[in-house]
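Structure, as structure tokens:
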């Protein structure tokens, strides 16, 4: 059986682990490009240019990072409580579906409509997260399997609800588009970034980072959740209501993924496609791991993975390297983050050896002085 | 109604087989003490390698291309699973995360390579297993039409592996040691058994069998590699838990999923089922899994040391 555990690397080595994982991931990506006879240097050049070369592309990178940051927060938050929320995809789908309904059906002034879109996206994701949370707390059902089941339930719900209630004019497989005036896109923002599809979602993501940081660092709830995550039995002994905290943690985690779905479907794509699991739901795991589950780390790693994702299309157009190289690099980075103990061991051995050399020198020097 | 059942049954079995063999692979890994969340990815690797082999050699090897393709899928799965084995056995990495990395890596890498070989990311094969009746047995009333008509030979292969695995895990001393590694590794180690080696064996078996599962999808009902095994690997993990980490339980659980999914897929063609909204039929297997997990998780029979580095 899969055991819940504290899923992060120890303290001060976090940055080092993340950094070396990135380097190794990029190196492995270079090898893969070279193996199929492409030039890795031009591959990476176009990959990064695709994400950064002008103000529009920077905007697009941030728009892509929006969902990654929010799902990353979702996964990272549940990690802190010792839970592994692998249900980001399903929570995104439900959050997005609810938000899309609001955007199409509620006739409200713009500011109020936006509030409702955000609220219902959050709510639907939270509901989708609270179910596995409850099953875990009450019946000891492992959250990994439960959230995977919830993903598929969401997949089929969207598959049948969208054509029945939100059918687009031409295609059976997607909902009708949300008019720009009902979406998260803002004219001033798009103009500022030269026609990019950046939208209000990025501000929601940044706000979420700050709020989650506040909850984790400054509130009793955050302290309790972290305690449950580091030692469930100790927390129970200290009188913390562990089961209640598990449900709350999964609710907040699901709500964050719901926000990601809301940002994706009402700010980024402006419609819901059926038969597609949003891949950000899984990429969020990578974001959380690389960011060591800390809100600021997740913000940075979300931006980095957003850069890879946003740049891959341009690279593919310019060099014939398949765009999946970006996902491959991300996966390799995660593998190396998971095996971080290897680097830590190397680092510890290396710094010990340096320490030994230093001590020997110092001893030798003091011996000389004695003579 | 009987006619419908005989029509649905062979499809249900065809759908069950890849899950069954994958879950069986998961059983080896978990029993040896390593949680393997990467079954979906390992299936995908086998699916891809099998497709690539058959596409490359079907015009020169003819009938041999299919079994050799399955073998290639198993080898590829076994090799890929070494990544998980190394991370979880030697590096004491978090096995849940390592398994997730395997899934992500397999999903990205296979499509990346498929694009290089075929341009589109899909690999279509010309050949597939021809269904055939089992001689004599298919003439038995009731059972004949259900189990022995229009079968794939891969089905019998997987059932044979299932039977052999049961015998191996429960009737040999090697099997006993393997299972002990998942319950009390330090006791096994003090008896002089190399726990790490046993766990390697468990993980590699899971890779090979999941690879076979992926290959079985290709040569029976799919006919092309399309970059996804549609969650069958995850369902196999659920079946492993549902089936309480026992061969017979796994057989029952995977067959239940196979039947439920097939019924949902063909429901529109059957008047008695067409009255039920298809959405309910589609989510039925997943909802039932959740309910089954609620029932079984309280007194879980999971190998006690599974997921804990040794």
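Glycine residues also receive a Cβ, built from the backbone N, Cα and C atoms like all the rest.
Nobody curates TrEMBL annotations by hand; they come from automatic prediction.
Taken verbatim from TrEMBL:
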- B:7-28: transmembrane segment (TRANSMEM)
- B:34-54: transmembrane segment (TRANSMEM)
- B:61-85: transmembrane segment (TRANSMEM)
- B:97-117: transmembrane segment (TRANSMEM)
- B:153-170: transmembrane segment (TRANSMEM)
- B:200-219: transmembrane segment (TRANSMEM)
- B:225-243: transmembrane segment (TRANSMEM)
- B:250-267: transmembrane segment (TRANSMEM)
- B:279-296: transmembrane segment (TRANSMEM)
Please figure out which one of B:7-28, B:34-54, B:153-170, B:225-243 racks up the most CB pairs under 8 Å against the transmembrane segment (B:97-117).
B:34-54
Of B:7-28, B:34-54, B:153-170, B:225-243, whichever stretch has the most CB pairs under 8 A to the transmembrane segment (B:250-267)
B:7-28
So which residues does the transmembrane segment (B:34-54) touch in its own chain, when a touch means Cβ under 8 Å and the partner is 6 or more beyond its ends?
18, 22-23, 25-26, 65-66, 68-70, 72-77, 80-81, 84-85, 88-89, 95-96, 98-107, 110, 113-114, 117, 123, 125, 127, 199, 202-203, 206-207, 210-215, 217-219, 224-225, 227-229, 231-234, 236-237, 306-307
Same-chain residue ranges lying at least 6 outside the transmembrane segment (B:225-243) that approach it to Cβ under 8 Å
18-20, 22-23, 26-27, 30, 36-44, 47-48, 50-52, 103, 107, 110-111, 114, 121-124, 210, 213-214, 217-218, 249-254, 256-257, 285, 289, 292-293, 296-297, 300, 302
Can you say which of B:7-28, B:153-170, B:200-219 has the most Cβ pairs under 8 Å with the transmembrane segment (B:61-85)?
B:200-219
